[in-house]
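S.K.: Residues or ranges marked as coiled coil in TrEMBL: 298-335. Sequence annotations record features per position, and here TrEMBL assigns compositional bias 'Polar residues' to 14-23. Per TrEMBL, the feature domain 'HAMP' maps to 258-310. The region 'Disordered' annotation in TrEMBL covers 1-27. Positions annotated as transmembrane segment by TrEMBL: 67-85, 91-109, 116-135, 141-159, 166-186, 198-222.
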C-alpha cells in the first residue's frame, strides 16, 4: 500500500511523457535511416541481386564501406578548416580543399562500381594531406607536427574500406617509412630537435606501433567479413543445389510416373486388342522402360498364343478337309454300290 502513488494525477502526467518519447526516438531513427539511404544512393554501388557472384558482392561491400567511412572523412576535413586558418601552415587550407574535390570524385567513381580507382584516389589524398602538412611546416618539423602523424591511420581505414584487404599493409609500411625518414633526416626545430637526439626510438615507436596495430586489426576485420561472405555464398550455393536436386528428383519422379502410366495404358490396350481377337497385337515398350521385362514376357506369351491359334486353325482346316474327304468317299461308295447291280444285269443279258 505504501508503494502506491499518492497523487494519481502525477502518474497520468508522467506516463504520456514517457510514451511520447518513444515516437520521437523512432522518428529520429527513421530520419537517420532515410538520410543514409539517400547518401548510399548517391555514393554507393547499387546492391547486387540474389544471383550475384561473390566478386560482385565483394565490390558492393567495399563500395558500401567506403561510402560509410567517407562521411567521417568529410567531417574530418570540415573540422580541420579552423585549424588550417589559425595555424602557421598557410598551405593547409588549400590541401583540405583539394581533399574535398578528390573525395567527391572518388565517391562518384565509387557509385559507378570503380571501387579500386576510388580507393586509390582517397588513399593518395588523405596520405598526402598529413605528409605535405608535416613537410611544409615552417622552420622544420616541431612538436606541433607530432599529432599529425596520428592522422596517418585514416589512409589505413580508407585502404581497407575501398581496396582489397592486403593493401592496408602496403600503406602502413609506407607510413612507417615516411615517419622514420621525416624524424631521422628532415630538419627539426625547437624542443623536438633536442628530444630526437636523446629519445629518437621513443618518438618513432608509438607511431610505428599505431600503424601496425590499426592495419592488423583492420585486416582481420575485413578478412572476417570476407570469409563470412564466402560462407554465406557457399551456404546459398548448397541450398540452391539442394533445391535444384529436389526439383530434379520431383521432375524425374513425375516423368517416371507418366512413363509408367503410359506403359500400363499400352499393356491394357494390348490386352483389349488380344481379347477382341487381334493376336498380332504387341506391347510397344523398349528396354529403357521400367516395364520392359513384363512387356517382353507378355509379348512372348502372345507370340506363343498366336502360334497355338494358328496351329489350331490349321488343325481345324485339316479336320474340315478330312470330313469332306470322308463324305466324298462315302458318296463314291454309294455310287459304286448302285452301279454294281446294273452292271451284273447287263452282263447276264449279253450271255
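Cβ atoms here come from the backbone N, Cα and C positions, even for glycine.
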S.K.: Does the structure show the transmembrane segment (166-186) and the transmembrane segment (116-135) touching, where I'm treating 3 or more Cβ pairs under 8 angstroms (sequence separation 6 or more) as a contact?
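M.R.: Touching, yes - the transmembrane segment (166-186) and the transmembrane segment (116-135) meet the threshold of 3 or more Cβ pairs under 8 Å.
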S.K.: Looking only at the coiled coil (298-335), what is the model's average confidence as pLDDT?
M.R.: 84
S.K.: For the transmembrane segment (141-159), what are the same-chain contacts with Cβ under 8 Å, counting residues 6+ beyond its ends?
M.R.: 66, 69, 73, 76, 88, 119, 122-123, 126-127, 129-131, 133-134, 167-168, 170-172, 175, 178-179, 182-183, 186-192, 195, 203, 207, 210-211, 214-215, 218
S.K.: Please list, for the domain 'HAMP' (258-310), how many residues fall into helix, strand and coil according to DSSP.
M.R.: 37 helix, 0 strand, 16 coil
